[in-house]
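Annotated region 'Disordered' per TrEMBL: 358-380, 489-512, in sequence order. Residues annotated as compositional bias 'Polar residues' in TrEMBL: 361-370. Under the heading compositional bias 'Acidic residues', TrEMBL lists 371-380. The Zn(2+) 1 binding site feature in TrEMBL is assigned to Cys419, Cys423, His455, Cys458. For Cys446, His452, Cys478, His481, the entry in TrEMBL reads Zn(2+) 2 binding site. Here TrEMBL flags 500-510 as compositional bias 'Basic residues'.
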Amino acid sequence: MSLQMVTVSNNVALIQPGFSLMNFDGQVFFFGQKGWPKRSCPTGVFHFDVKHNHLKLKPAVFSKDSCYLPPLRYPATCIFRGSLESGKHEYIIHGGKTPNNELSDKIYVMSVVGKNNKKVTFRCTEKDLEGDVPEARYGHSIDMVYSQGRSMGVLFGGRSYIPAAQRTTEKWNSVADCLPHVFLVDFEFGCSTSYLLPELQDGLSFHVSIARNDTIYILGGHSLANNIRPANLYRIKVDLPLGSPAVSCTVLPGGISVSSAILTQTKSDEFVIVGGYQLENQKRLVCNTVSFEGDKIEIHEMETPDWTPDIKHSKIWFGSSMGNGTVFLGIPGDNKQATSEAFYFYMLKCAEDDANEDQKTLANSQTSTEDPGDSTPFEDSEEFCFSAEANSFDGDDAFDTYNEDDEEDESETGYWITCCPTCDVDVNTWVPFYSTELNKPAMIYCSHGDGHWVHAQCMDLAEHTLIHLSEGSNKYYCNEHVKIARALQTPKRAPPLKKPPLKSLHKKGPGKILTPAKKSFLRRLFD
């Protein structure tokens with residue numbers, strides 16, 4: 001095992017705890033920045049280009065028929081193939097946290113539709129599910145199993161916000177373990193079925209999962225209800241006949257106590273577990289090998305890398321597998337120095353240099369950082385604000401660095417949101433409409449219902465109005481929902497109507513003079 005420090009040339013602030021890495025035919029792509037897609041890449045997905053221990057983030061391109069993919073932290077990801085023998089693969093993305101700290105329940109499928117020497121073009125589609133739809137969550141796992149010519153997704157664990165009826169101002173962001181249900185997801189027909197297995201008593205999160213043919217192995221994880229990391233090892237076997245699937249679970253000996261570890265595949269039947277935590281705020285510096293021989297699984301400690309003093313003494317660490325036996329790690333920088341970086345990064349190579357580059361990886365583990373509620377409480381304290389974009393980058397150099405190599409990519413990068421039926425923002429335009437939004441169309445959040453984003457251009461918002469709304473906490477409603485919002489508002493109390501006194505009727509003035517005949521008539525009328 002070899003450990004090398006990595007320098008990041010641009011947009012280092014994008015790499016935060018909770019990100020994911022996806023490997024498409026040896027090319028690694030970064031996904032899951034903490035904020036909404038930034039000016040340097042409206043898609044929010046970057047090519048993770050590492051050469052000579054130097055990392056460069058290059059913006060990725062999506063096809064015009066792609067759906068919008070929000071940057072999600074702590075999602076569950078896995079590789080999906082039509083069959084075990086298929087060379088082409090896609091990535092399944094489920095759940096995770098949005099930049100507004102909301103949880104997603106959506107499923108996205110990422111695939112490559114175009115590739116040349118300079119760039120890769122992706123397509124992202126959203127999958128709708130019916131049946132027992134898994135609730136929104138994060139810190140869980142999703143894997144693919146293959147049995148009798150069929151394939152299914154297996155989703156397990158994670159955390160979710162407490163029910164809305166129990167959420168108060170003080171406990172608004174409180175989370176709880178999801179129920180220990182196992183979900184089988186059929187991506188071909190878009191249906192999901194949940195199973196409650198007696199062997200699974202706790203809803204574990206940030207565990208490690210390994211998929212092999214028709215079997216999923218679950219080890220480690222953290223139970224929030226009991227605040228323990230049980231040394232359990234579960235084997236979930238899925239049989240997919242023509243009829244109803246059969247799901248069974250077996251408790252195996254030899255598990256390890258760990259959460260938020262990174263799993264990387266080094267051989268066809270061997271994996272390495274790196275990082276994680278053994279206690280709250282106590283890192284686990286031991287590495288393990290997981291080897292298979294038929295249905296038999298063995299877990300052993302292995303020689304640890306030569307950890308640097310910075311890694312040993314840091315309270316937290318995070319990262320993800322780059323594939324091919326390589327792990328990308330990050331630790332907090334030294335805040336005592338004014339010029340210190342927010343994070344320092346390392347690459348740990350667990351496989352030999354002659355490892356097969358086209359290795360068929362069927363492994364999955366949660367984003368390797370402990371949940372914010374456990375070891376990084378500051379993670380949930382930062383709310384998204386419009387004014388944060390300008391200082392979230394490394395200055396003009398971050399933007400200019402991209403254009404030197406990928407100038408032609410700018411005209412094809414889309415910001416794919418149709419905010420209203422009359423939306424006329426060109427998805428292929430990368431030109432600022434307002435100076436406040438730098439290099440993406442200015443957007444504002446409509447507070448109607450669950451909320452949604454709209455373009456300031458389509459809403460005819462003046463720039464000073466946009467700045468006013470972004471600086472305060474005022475709610476904004478788009479053109480389609482502003483009438484509904486006004487109807488729900490309590491009408492202002494109107495002052496009572498002033499009635500003139502009766503004596504004013506007897507005052508003389510223009511048109512008020514009584515002739516002797518009128519006086520006589522009124523006297524007879526009232527007498």
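Any Cβ shown, glycine's included, is placed from N, Cα and C.
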Cβ within 8 Å of the mean position of the Cβ atoms of Cys446, His452, Cys478, His481: remaining residues of the chain near Zn(2+) 2: Cys419, Ser447, His448, Gly449, Gly451, Val454, Tyr476, Tyr477, Glu480
For His452 (Zn(2+) 2 binding site), the one of Cys419, Cys423, Cys458 that lies nearest, given that the binding-site residues are compared by Cα: Cys419
Neighbourhood of Cys478 (Zn(2+) 2 binding site), C-beta criterion under 8 angstroms, separation at least six: Cys419, Cys420, Ile444, Cys446, His448, His452, Val454, Met459
Rounded distance in angstrom between the Cα atoms of His481 (Zn(2+) 2 binding site) and Cys423 (Zn(2+) 1 binding site): 15
Sparsest Cβ surroundings (other CB atoms within 10 Å) among the binding-site residues Cys419, Cys423, Cys446, Cys458: Cys423
Binding-site residues compared (His452, His455, His481) - highest count of Cβ atoms within 10 Å: His455
